[in-house]
Structure formats: C-alpha cells, structure tokens
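A.B. asks: Take this structure, written in structure tokens, and hold onto it; I'll ask about it next.
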C-alpha cells in the first residue's frame, strides 16, 4: 500500500491506463495527430473519424443521439453554454430561472451573472437530506420561467435528485431543463431517450478521463437552441468554436465506454468499500452523515465530527487525501455553503470531511483510513475544551461567551 491514500475521487479521478493509451495514439507524428476540421487530406479525415467515434461513445453512455453531443473544455464551460446560451436565446419568452442553493459554483456564478443582466433567479432550499424534490420545483415555476437547472448528483454530499420526475414537470410547461451531470456519469444510470431533459453537462475527469474536456448534450427533438458563448470557425454546429482537441475527446470517449461496461460491478464494489469504512468509524460519538444515505451515490461519504475543526482534522490526516467542501471552493475557510443550506450549524459545517472512493481504492486503504480517522478524531477531542464541556453535560449552544 502506497501513502498518501487518495480518497478525493469527487475532486478528480486518475486517468484510467486504458484511456491514457488511446490518448497517446493521437499526439505524435506516428499517430493520429491531424486537425479534425481539415477536410482536404487523410490526416484530417482520420482525426475526425476518431472524434466522431468518441462522440458516439459519450452518447451511448447516456442513450443519446451522437449529434446531440457538443464538445467543450469541461463541465464548467458546458454549464455556462447551457445556461447563458439558453437564457439569452429564449429571453423574449421570459426572464425567470429556477435553480437550487446547492448547485456547483459553475451554475451559481452563471445565474448570478444573468441576474446582473436583468434575469430573475429563484434559488430553492433543499430538504435536510440534501435532495431537491419535484414538488419544490413545481412550487417555484412561474409563467415567465424559461429554464430550470438542477444537478443530478451533488459534488459535496453525493445526493441524487430525481431528474426524470423533474423533467415530467418542466416539459409540459415548455420550460427548458438543464442538468449538471458532472458527478453522475458512470455512477447513475442516465437514459436521455426516456428522460425529459433538454441540456446536460458532462465532465471527463470525474469519470477516469482527462482534465480539460467535457461535453454538453443539446436535445434535437424537441429542438433546443443556444446562443454561442465562444465565437470563431463555427465548429460544433456553430455552438462552440475552436479546434477540437482530438486526444482529449478520444480520452473522454474511451472513459465513457469503460464506464458503461463496468458501472454495475464498480458500484457494487464501491458500495462495499464505503460500508466497510462506515462500520469502522461509526463508534465515534457525535458523528453526523451529511445528506440522504438512500438517495446517494455509493462513492461519497460526507461526515461531520462534532467538536473537531475540519481543517485541523485534515492536517491530522496527513496520509489521507480528503477534503472539506468541494475542491473548487476549499481554498476559502468559509463553512460549506452546501451544508449550511441543509440547515447544518456553522460548527457542524466546519467539522465536515468528504471521503470519496473510486475505481482504484482498495480494502487495505479503506481500513487504514478508518483507523487513522478514529485515532485523529479521538486525539483532537482530547485536546478540546468544548469536548470536555460537552462530556460534562454542558449545552454549548446555550453558553454565552465573553467578548474580548
């Protein structure tokens, strides 16, 4: 077993060796290095063939038509293109957008920008379990609503929203439905033939593919139109200009092909690993699971250890790569906005750690991690005067602290 142990698979995943192998074939002079947009020679045709094959592989994982897949630089760009592109194109129909308070920053910052442009946005509060229900969406819809954007799987707490049911509400009303599925490919079944979803964002690097490439599903029937956010040579049917990075697209295609083949077995194995870890830490007092344990992907366990500061726990767990909050916002010492939206108090939000397991996690690593967590939490609590007060029966929430 090698240290440190990587348990931060929701931040990024290592590229699967099979994916890396396919990517390398598209880089050097001996390989398939052409520009997929070069129409006049075999190098271009061959590169285009590889990119179109990858487009098909991405489409097959989610049961879509390959022509509905638009290449982007990642899920952040896909979210921007979907939300701004749809809001701008359909602005004459209405200027109201519905999303939730626990979306990824790529969605929240995009809707904030649209608010500055005169759009009105409703931010739904999730339930305590972190799930956004169809009833919550229904209550937020208005006559001038043009777009609903709700994530499939939450990046911090791993909760799964019933996007199929939400689509049944939006489609009859003629409201566009965008789903950020960065965290769900290869973890949850997605069938876009059946689901009434109009736009869906994907990322390669959360699914054992390379960073720097993603895709956006744009429905053809009923047709969804977008205003381009990137202008240039008119690539990707005018929706996203820029020379395609063939090696990146090929990597994403192969990663999604593997995900389709191995998802069922992988989920089973990862569920066992998570439960194994869970059992070994559940003896700790004042341990809280953040988010529903039923509507959840098996890869994620987000725990709050009361009376322990999350950052100091991460320092104590120097052999484990884990995070507090999401990788995109963990540089700030603010408590997680996702956990605050669930109604967790600042103390519990600050004491949370996200453990995420994946394809290359082993039982040995899980056992070691659980042991280290138990030791660190116990040790840090021994040093904590708040823990002593709690053990003495003092209700800390009622204590009035003297101001300095």
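One-based numbering along the chain as shown.
Just so you know, glycine gets a Cβ as well, placed from its N, Cα and C.
Owing to the predicted nature of the structure, the values given are computational and were not obtained by experimental measurement.
Just lifted these from TrEMBL, have a look:
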{"type": "ACT_SITE", "residues": "328", "note": "active site, cysteine persulfide intermediate"}
{"type": "BINDING", "residues": "75, 76, 155, 183, 203, 204, 205, 243", "note": "pyridoxal 5'-phosphate binding site"}
{"type": "BINDING", "residues": "328", "note": "[2Fe-2S] cluster binding site"}
{"type": "COILED", "residues": "256-287", "note": "coiled coil"}
{"type": "DOMAIN", "residues": "5-368", "note": "domain 'Aminotransferase class V'"}
{"type": "MOD_RES", "residues": "206", "note": "N6-(pyridoxal phosphate)lysine"}
A.B. asks: Can you name the far-off residues of the same chain, 6+ from the ends of the coiled coil (256-287), with a Cβ under 8 Å from a Cβ of it?
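C.D. replies: Residues packing against the coiled coil (256-287) from afar: 16, 18-19, 57-58, 60-61, 185-187, 189, 204, 207-209, 298-301, 303-307, 355, 357-359, 361, 363, 366-367, 369-371, 373-374, 377-378, 390.
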A.B. asks: Between all pairs in 75, 76, 155, 183, 203, 204, 205, 243 (listed as pyridoxal 5'-phosphate binders), what's the biggest Cα distance, rounded to the nearest Å?
C.D. replies: 30
A.B. asks: Tell me the Cα distance separating residue 76 (pyridoxal 5'-phosphate binding site) from the residue listed as 'N6-(pyridoxal phosphate)lysine', rounded to the nearest angstrom.
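C.D. replies: Answer for this pair: 12 Å between alpha carbons.
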